[in-house]
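What follows is a single structure, written as structure tokens, with notes after it.
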Amino acid sequence: ELYKSIKKDEPPLSLHGQLLWREFFYCAATNNPKFDRMKGNPICVQIPWDNNPQALAKWASGKTGFPWIDAIMVQLREEGWIHHLSRHAVACFLTRGDLWISWEEGMKVFEELLLDADWSVNAGSWMWHSNSSFFQQFFSCYCPVRFGRKADPNGDFIRKYLPILRYFPTAHIHDPWTAPEAVQKASKCVIGHDYPLPMVNHAHISAVNSQRMRQVFLQLKKYRGPGNGFTVPTGRGLMTFNNPLPTKADYKIDFSSNKENVFSLNEEDNSDNLFQ
């Protein structure tokens, strides 16, 4: 009713969907004071994330070397708001997609910078997009290049929030490191000097992280069974999620020995896919 009184029109269907997500996370957080953390949280899978303050700082300050991700983070810092799909993209990049950093760290950045930060929605969304609770789709992740091209085909969003790239041709605006040196110089921005090189090889690291997540959930399978789910109250009773809850010590997974050789995937292997 408030929307109609201001806009003089029916709200978009997506607004109803986002309100339903809000109510869902409100219900899931009920009677769970540790909903915003891993330790002691009965609905959060204890994934052994990396501790990488340098990578976290690059992500938070918009210096990952991926223009689509960086532009989103700059908008967040400058305006205190980003589209919900932008939130999905940067959350995936920080956690299971590329950097393998705990969702708790990203949640704290959002809590600090978002004007519409909401305790339940913020924590719940970060658990969701990091595969830590609710839904687990570790086999796909947002590609910071392809998804950017789909959402911002002309690069206008990138040019607005990353003016250093404003002279880059559209063909290279989403992956400027692929531009020939002559094009970079003509665009007044040499990658690696005026704008950072990509901090990771997305095609490779996203495949590695997909395998890491797969190993986590293979380990978790033995914990599934009666009594291992969690229940949240709803308006019509109780909703139960079948989610195993071992501690980090239960994993005993060593990723260090072959972290660089677990899986390989070239960019062209999924040219028609916005994910991976």
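Even glycines carry a Cβ here, placed using N, Cα and C.
Because TrEMBL annotations are produced automatically, they should be read as predictions rather than curated entries.
Feature list (source: TrEMBL):
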DOMAIN    17-214  domain 'Cryptochrome/DNA photolyase FAD-binding'
BINDING   GLN18, LEU19, LEU20, TRP21, ARG22, GLU23, PHE24, PHE25, ASP116, ALA117, ASP118  FAD binding site
SITE      TRP49  site 'Electron transfer via tryptophanyl radical'
SITE      TRP103  site 'Electron transfer via tryptophanyl radical'
SITE      TRP126  site 'Electron transfer via tryptophanyl radical'
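With all protein chains in the displayed structure included, the most crowded Cβ environment within 10 Å among the recorded positions PHE24, TRP49, TRP126 is that of TRP126. Across the structure, TRP126 (site 'Electron transfer via tryptophanyl radical') and LEU20 (FAD binding site) are spaced 17 Å apart at their Cα atoms. Geometry remark: PHE24 (FAD binding site) versus TRP49 (site 'Electron transfer via tryptophanyl radical'), CA distance 26 Å. Every protein chain shown contributes to the tally, and the Cβ of LEU20 (FAD binding site) ends up with 10 other Cβ atoms within 10 Å. Each of the binding-site residues ASP116, ASP118 was scored by other CB atoms within 10 A of its CB, and the lowest score goes to ASP116. Summarising the environment of ARG22 (FAD binding site), the number of other Cβ atoms within 10 Å of its Cβ, over all protein chains shown, is 15.
For the pair formed by ASP116 (FAD binding site) and TRP103 (site 'Electron transfer via tryptophanyl radical'), distance between Cα atoms is given as 18 Å, rounded to the nearest Å. Take the Cα of TRP103 (site 'Electron transfer via tryptophanyl radical') and measure to each of the recorded positions GLN18, LEU20, ARG22, TRP49, ASP118: the nearest one is TRP49.
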